[in-house]
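Some notes on the structure that comes next.
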Amino acid sequence: MEKIQKMISEKSVVIFSNNSCCMSHTIKTLFLDLGVNPTIYELDEINRGKEIEYALAQLGCSPTVPVVFIGGQLVGGANQVMSLHLNRSLIPMLKRFGALWL
């Protein structure tokens, strides 16, 4: 948990992802298309990726990828992010935490 806390405190938007996950790809594309430059951790490529995935599960993230943190706060997975986007809450949230300026 401590490692995750350190990782999410480094940037406004952090995405925990997996290269082989289509929903991870969708969420990364959404943020990039919005003009956000998220920090992306590919759990299938980094050291201790399985440990981090286990810690995300302990936080209640299911499935464990993709998982998005904005402003150091857990937003959730693809369903939660897409819901925020569709109800027009995502962009104001990104602006509030300095991840988006326009």
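Here the Cβ of each residue, glycine as well, is placed from N, Cα and C on the backbone.
Quick look at what Swiss-Prot annotates:
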type    : residues : note
BINDING : Cys21    : [2Fe-2S] cluster binding site
DOMAIN  : 1-101    : domain 'Glutaredoxin'
MOTIF   : 99-102   : motif 'Responsive for interaction with TGA factors'
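Mapped onto three states, the DSSP output places the residue listed as '[2Fe-2S] cluster binding site' in coil. Helix, strand and coil counts from DSSP across the domain 'Glutaredoxin' (1-101) read 45 helix, 17 strand, 39 coil.
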